[in-house]
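Only one structure is covered here, and it is reproduced in the block below.
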Amino acid sequence: MGGLVYYSSTSGNTARFISALGLPALRIPISPKNPMPEPSEPYVLVTPCYADGEGRGAVAKQVIHFLNDPDRRALLRGVIASGNRNFGTLYAFAGKVISEKCGVPVLYRFELAGTETDIARVRAGLAQFWGMTCSTMA
Amino acid sequence: MKDHSMTRSTLKAINWNRIQDDKDLEVWNRLTANFWLPEKVPLSNDVPSWATLRPEEQTLTIRVFTGLTLLDTIQNTVGAPTLMPDAITPHEEAVLSNICFMEAVHARSYSSIFSTLCGMKEVDEAFRWSEDNPHLQQKAQIILEKYRAQDEPLKKKIASVFLESFLFYSGFYLPMYWSSRAKLTNTADLIRLIIRDEAVHGYYIGYKFQRGLELLSEEKRQELKDFAFALMFDLYEIETRYTEELYDGIGLTEDVKAFLHYNANKALQNLGYEALFPAQACEVNPAILAALSPDSENHDFFSGSGSSYVIGKAVATEDEDWNF
């Protein structure tokens with residue numbers, strides 16, 4: 001089973017989702033002064049979305065900095081994006097941006113800190129996904 | 001102006017190059033980039049569609065919009081201004097002034113819809129209805145009462161988040177419903193702009209609430225949580241009666257209630273709290289969700305609809321790729 005890396009701003013929605021998920025996860029720091037996590041195995045990225053009405057700025061700067069490192073990026077296997085349906089067509093748009101840039105699938109989308117249903121789906125989905133990824137790569 | 005300038009008689013100019021809370025700048029940038037006016041939406045394209053609604057459907061629509069106008073009026077004239085003295089940073093005050101003005105734009109937008117689609121007589125009747133409707137008046141009064149609590153800054157924020165993230169949705173449902181049936185689609189585009197703004201407002205004020213909460217004792221935090229859930233119950237009671245009165249006639253009440261539950265949970269999440277309504281009570285009609293975020297196709301992997309998805313291989317990208 002692979003790992004999880006996540007970003008959560010000071011509003012803490014994604015951090016609450018990760019905590020409810022109960023799986024080990026590395027956090028991308030809010031402050032650029034703090035060191036980036038260095039994953040040693042394939043991982044799924046969980047990230048919120050910060051797009052304005054035109055879709056600009058969807059991916060948080062710290063997430064961009066994290067993915068700019070080729071070694072870290074090489075281990076990225078999928079993205080789970082959070083957002084708010086109130087943003088219409090740009091709901092969880094960061095997932096789409098990262099998916100297209102890095103050639104990995106959007107695995108799931110959820111709103112704010114997620115619901116119990118989201119937690120159950122992501123737990124089951126990740127178990128299945130890592131099973132598939134392992135058999136694909138073996 | 002923050003920093004006790006009045007008592008020290010030193011007046012402080014706001015310095016956006018010295019930020020105490022990055023969220024202030026982030027939200028300022030997002031709100032200003034999202035600025036809009038109703039004139040940019042071609043509402044007159046909805047004139048033929050409006051004519052296809054039955055008279056009772058037209059009356060319902062005008063009433064729903066006058067109800068929304070009342071809530072936006074309150075946010076513009078009382079809600080946002082009443083939060084300003086509680087601001088921790090000068091930048092928070094500036095963000096609240098943007099929120100305040102946009103609430104005026106929202107309230108003004110409904111009148112643009114009315115002047116484009118409806119006759120003056122029906123609109124005047126609906127405004128009278130909004131003054132006489134006990135449920136609408138009651139929910140507005142409850143919120144105003146919380147705003148008047150001078151020494152309870154966090155209770156004011158709870159009331160504001162509930163108005164922005166919960167009370168609007170019995171009304172927002174209807175244009176999303178019409179849009180899902182290919183009716184009043186330009187009006188729905190305008191309402192979506194309002195919905196987008198309200199999401200940022202609820203998020204930001206909920207965020208400031210959580211920052212304030214961190215400074216309080218466990219006892220006071222529990223008191224505020226009890227206050228929030230009690231207020232949600234009270235408002236929910238009124239909302240169900242309001243919803244029944246409006247939507248029983250066209251048989252949509254239960255559908256609207258699922259939407260209320262879903263949004264009540266999101267309002268609580270904005271404050272950092274857990275959900276109140278269980279998942280089965282929040283199963284919003286997929287047509288309404290699709291109207292809320294159109295073209296945002298749900299082909300993600302774990303939902304099962306992406307079964308043909310090929311697992312991608314990470315490709316090397318250059319740093320320049322990330323210059324958005």
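Each position is counted from 1, following the chain as shown.
Cβ atoms are placed via backbone N, Cα and C, with glycine included.
Same-site candidate for Fe cation 1 binding, as annotated by TrEMBL with B:GLU103, B:HIS106, chosen from B:ASP72, B:ASP86, B:ASP124, B:ASP132: B:ASP72. Going through B:GLU131, B:GLU164, B:GLU237, B:GLU239 against TrEMBL, the one listed in the Fe cation 2 site together with B:GLU103, B:GLU198, B:HIS201 turns out to be B:GLU164. For the binding-site residues B:ASP72, B:GLU164, B:GLU198, the ranking by surrounding Cβ atoms (within 10 Å, all protein chains) places B:GLU164 first. The Cβ centroid of B:GLU103, B:GLU164, B:GLU198, B:HIS201 marks the Fe cation 2 site; residues of that chain outside this set whose Cβ lies within 8 Å of it are B:GLN75, B:ILE99, B:MET102, B:HIS106, B:SER160, B:LEU163, B:SER165, B:PHE168, B:ASP197, B:VAL200, B:GLY202, given in sequence order.
Each of the recorded positions B:ASP72, B:GLU103, B:TYR110, B:GLU164, B:GLU198 was checked for a CB under 8 angstroms from a CB of chain A; the ones meeting this are B:GLU198.
B:GLU164 (Fe cation 2 binding site) has its Cα within 10 Å of the Cα of these recorded positions: B:ASP72, taken from B:ASP72, B:HIS106, B:TYR110. Looking at B:HIS106, B:HIS201, the binding-site residues in this record, the fewest other C-beta atoms within 10 angstroms of the C-beta turn up around B:HIS106.
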